[in-house]
């Protein structure tokens, strides 16, 4: 029996030793695998920008749906939903037919300038290109490639542009010409929030024509009055094609603001991000020429810009706006925040991050006001619901499905402004969203009437009227007699013409199309376009 016991003990010891050996071998293999994984991860993530998505395998089908991203906690993978491919350049899922870069694994790698080196590479006032060539500092990030390798235009965000605007300096930035604050939430004039009139700006984008004129008449019917007794007002960002300029003329006569939204409304969003100063001038200053001529607007009141698709054009857009004497932009979106942001001038650095996918925000100092678009909170139950990304345009808040939901949405977002710093509340629309959803329109009109009846400190005003208040802050009591808010208070009389000229026109710039232009003025020779905004044929 003793012999069997010794054999059993020996067998147990051998098994234990084998188990130890297997354990050590498994740990060594695991360690080696971990090292290989870490090495592979380092290789994959080398030279990748923060937050950049890329493919492991290029090609059509599922390969074009799958991308990965390097994060602090390791590799993260996603797959686009069925029917969508991942657009490497746009860094987002898009419809299959719209994605043309399935064969690309990574975004195009751009050569970066040598801005940060242990020893200076250039003399004072000069900076180094990616190939170590020195050029003047002011040539960096000016919209033109001055380095042989183009690197002077490849590192131009707010953190890297060597000519970026300085942080807000309230001792230098003084009303009425300049307004800034460190976080963008300071009330102009340091008024207590309870003394600030709550401004609401309603805006509509795109053409004004027979598809939406009756909708606008229903909303702005002359019966809805601000506390000062004047009609409520809106701002229209007008694009050219299919616009009825006699209707624009009448809208302006009624005291609403007309602003520009481009001539072509170019469908390629990347165009607006990368357009030159000259491109922006033709689109926006040209659109102003068209509006002023064919709507007979002669009071220099067309001073606002909003880019199509809310694609910010960086320094080029704002340089054009300075050169063409535009007063304000309303394209830049601020992420959902509490409290909300007030309008600011672009002399100093933006008080919030550049928000949105692949946006190109301005980095330099510009003599332009920004009517920043505060994102709206689309949660149905803000006290319980999980965080949801905000939305800038009301019609992009995709979870609004019923009139009751829209009514609650309006009340919640109004309260977020009214009960905090009373930053202007922007409600930005495309007319079709209200026209095609009568339940939404009914809820909207009910809400406007309710707000006007229950508050004596809420004003529906234009974008320019907001800036006029920021430049010269007035309390709720003083607002009733604030002269800029009483212009065209309640307009009576007849339109400039009852039956406009219907001009069937063509243009070399729009080949193969005959387009109808309606105006109270005489018909031009050609359909107005980028190189011929007057339509007189002078290219």
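A Cβ is built for glycine as well, from the same backbone N, Cα and C atoms used for every other residue.
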Report summary line: Feature N-linked glycosylation site (Swiss-Prot), candidate list 274, 296, assigned to 296
Query raised in the report: In Swiss-Prot, 261, 265 are given as binding Zn(2+), so which of 206, 231, 299 is in that site too?
Result: 206
Query raised in the report: Distance between residue 141 (disulfide bond) and residue 147 (disulfide bond) at the Cα atoms, whole Å?
Result: 11
Report summary line: Mapped onto three states, the DSSP assignment of residue 503 (disulfide bond) reads strand
Query raised in the report: How do the residues of the domain 'Chitin-binding type-2' (42-104) split into helix, strand and coil according to DSSP?
Result: 11 helix, 22 strand, 30 coil
Query raised in the report: Based on Cα coordinates, which of the following recorded positions are within 10 Å of residue 134 (disulfide bond): 93, 147, 230, 244, 391, 520?
Result: 147
Query raised in the report: Between residue 80 (disulfide bond) and residue 397 (disulfide bond), how far is it from one CA atom to the other, in Å?
Result: 21
Report task. Measuring Cα to Cα, tell me the gap between residue 361 (disulfide bond) and residue 523 (disulfide bond) in whole angstrom. Result -> 39
Report summary line: Least crowded of the glycosylation sites 244, 296, counting other Cβ atoms within 10 Å of each Cβ, is 296
Report task. Sort out the sequence-distant neighbours of residue 129 (disulfide bond) for me: same chain, 6+ apart, CB within less than 8 Å of its CB, listed by position. Result -> 113, 114, 135, 147, 148, 149, 151, 152
